[in-house]
Amino acid sequence: MKRDIHPEYVETQVSCTCGASFTTRSTIESGTIRAEVCSECHPFYTGKQKILDTGGRVARFEARFGKASAGSKK
């Protein structure tokens, strides 16, 4: 690697809108990152995720074409 071309790697405080915060390392000069979601509040990590079926599209598709098993052909 060439000398004196890489940015400084400093400790960075990451804070989320949910109130959680943790320390990591980054090249951001300010030393702070504000995030909207993190592993503490994201639905995937908290287990509170919901599958939204907007307007019953899946049910309408299954009613129209039937619920075929994987690998079956007509």
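Backbone N, Cα and C define each Cβ position, glycine as well.
Pulled from Swiss-Prot:
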type    : residues                   : note
BINDING : CYS16, CYS18, CYS38, CYS41 : Zn(2+) binding site
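CYS41 (Zn(2+) binding site) falls within neither a helix nor a strand when secondary structure is assigned with DSSP, and so counts as coil. According to DSSP, CYS18 (Zn(2+) binding site) sits in a coil region rather than a helix or strand. Summary of the Zn(2+) site environment: with the site residues CYS16, CYS18, CYS38, CYS41 set aside, the chain residues having Cβ atoms within 8 Å of the Cβ mean position are THR17, GLY19, ALA20, ALA35, GLU36, VAL37, SER39, GLU40, HIS42.
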